[in-house]
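The block underneath contains the structure these notes are about, expressed in structure tokens.
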Amino acid sequence: MQPGARCAGTTATNATSASYTGDLPDTEAYPEDELPRWPRQVLEKLGAFQALLADAWWARGPHDKSNWIVPGCVLVGGWPFRLPKGRGSQGESPEEGLAKLHSILDAGINTFVSLTEEAEIRGKAYCFNSFQKAAEGRYRELHGPQRQARRVGLELRFLSCPMVDGGTCEDEKLLQLLLCILAELRASRAVYIHCYGGHGRTGIVACSMLCLLWQFAPTEAVEIFNRLHSHRVECGVGGPGQFPHSDAQLRQVERMSCRRARFQAFLPPPDLPAPRRSESGEQDIQDPSLPKALPQPTQAGGDKKKLGKASKVMGGWACRGFGAILSAYFSGALLEMIGVQKVFAVTALLPLLVIVAAVLIREPAQPSPGSSYSLDWDEAKQLGQQVWEVIRSPEVFPAVCFILAWQATPTAGSATFYFYTNELHFNPEFLGRSQLVGSLASLAGIVLYNRVFSSVPIKDYLSRIQVTAVTLGFLPILLATRANLALNIPDQMFVLGDDVIQTVAGELAHMPILVLAAQLCPRGIEATLFALLMSALNAASFLSSSLGAWLTHILEVTDADFTNYAFLLLICNLSGLLPLALLPGIQNRRSTNSK
């Protein structure tokens, strides 16, 4: 987090008590090539955690009421200083309070995140100022004068996001707190998240981090937190499986799990600092015998995950383009060889191959523990919220609106077909060859985007593609006015060249939207989101054809009268400039990372 940054609804100070203010962490402040990366995943499935968490000795924290979520990086627990009597506590002596605070600082913690309310901090020995002074004193013993510590980025920092005991806070406030915590981790700082007892409110933040950073389901995140929580020396009343406490707290964790798209959009997930030996040398946090299931930070782990999703999307469209090539190659020739009815009979057999392929797929059901096969209303509602969060995210929604507006502009496709067959007298074989060239161009467009344009910021990319497509869209007017003959360009060569240009432009236009949506999509709803985007694109294409048919009717272009055909092409092409009005709302970020 840059100096001067602050999340709304939270307060923060460093050890010199200088507060910092501002907006959400800004991704533009970090050069793309300097962004550290987050490991691709902690573990693929919750089931892989069972043996690890059953004997997670590494989770035990430096004091009785604490435990690690990520060793050496994220520690959670209760109030880090002296506890007074009351609220189920027998109280602690000043020596016990100092020993607890020293153990936290000795473990390498240099950022404290408090979820307690000001009213909870009472008593001279319990107040925040006393805690801060004691922490600063111990920190000077470990790292020297504060000026020296600040120069190397090791000064103490304190963040505060008050929550009512047993309650929650606003979702937006919690989301921004998590962004601040993530920014601390980006700076290779170790964070201690605490409330009064370190159970309920702390559980909300910890479980939300598991959902947002590692894409665990809410039930999985709660189970993981409670397993790790149970390894505290004093694990609290109720034992494992009781935290967060209330239904309201659990519902907030479920709501936060639907905010993955927005969370990941603000700040690319980073690599956590490697677990390290404490500065005092008293406690070795990273042990060679640490279970291998715990991931070590990997270079460009998050980058590989993003590129993996992008590759899958582009690979799927490449397969689609290859199938279109085969269809175009045989369609025209078969139509002339065997006739229309037999061509329809052959094509009717092809869907049967899809059914056969679906039957041959072996995918055994793997229901989560304790769940049924049926999808109840709450689960459906949660999935709908996740899809909506991706669609409404500021990275996806404006770009999708731009592409849909572009796809919905009128087209002269029907009139063009009759112009080719009735005016230029193209035969079915040439029309099939034209489709073949278009399919090859589609495949070339996918490869071109993957190899050349995937690292271009999306706003700049879409503006250039749109202007280029509109400029080249004037070429068919030359064919309609027969000006191509004056330039000694045969009709067939002109048509093939125009098909290549328009098809490549079309593929290059919508590819970044699909890739971006795939990167921001939470695990488990990929197919739903993809189907929704395809349905929207198909609806826009239907609207485009309808508007084109209406303009064709208004201009009285028929299968025998092409007097106004050139004017129809001009109107359809100029309408492609209208979506440029939506361009300012698109965030100028990369859809994929450069290779």
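Placement of Cβ uses the backbone N, Cα and C atoms for every residue, glycine included.
Any TrEMBL annotation is an automated prediction that lacks curation.
Feature annotations, reproduced from TrEMBL:
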COMPBIAS  8-22  compositional bias 'Low complexity'
DOMAIN    172-232  domain 'Tyrosine specific protein phosphatases'
REGION    1-32  region 'Disordered'
REGION    266-306  region 'Disordered'
TRANSMEM  313-331  transmembrane segment
TRANSMEM  343-361  transmembrane segment
TRANSMEM  432-449  transmembrane segment
TRANSMEM  461-480  transmembrane segment
TRANSMEM  500-518  transmembrane segment
TRANSMEM  530-553  transmembrane segment
TRANSMEM  565-586  transmembrane segment
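Beyond the ends of the transmembrane segment (500-518), by six or more residues, the same chain brings 309-310, 312-314, 317, 390, 395-396, 399-400, 403, 406-407, 437-439, 441-442, 444-446, 448-449, 453-454, 458, 461-462, 465-466, 468-469, 472-473, 475, 526, 529-530, 533, 537, 591-592 to within a C-beta distance below 8 angstroms of the stretch. The list of residues near the transmembrane segment (461-480) in space but at least 6 beyond its ends in sequence, with Cβ under 8 angstroms from a Cβ of it, reads 399, 402-403, 406, 416, 419, 453, 487, 491, 494-495, 497-498, 501-502, 505-506, 508-509, 512, 562, 565-566, 569-570, 572-574, 576-577, 579-580, 583, 586, 591. Same-chain neighbours of the transmembrane segment (530-553): 387, 391, 400, 403-405, 407-415, 510, 513-514, 517-518, 568, 571-572, counting only residues six or more beyond its ends whose CB sits under 8 Å from a CB of the stretch. Averaged over the domain 'Tyrosine specific protein phosphatases' (172-232), the predicted model reaches a pLDDT of 84.
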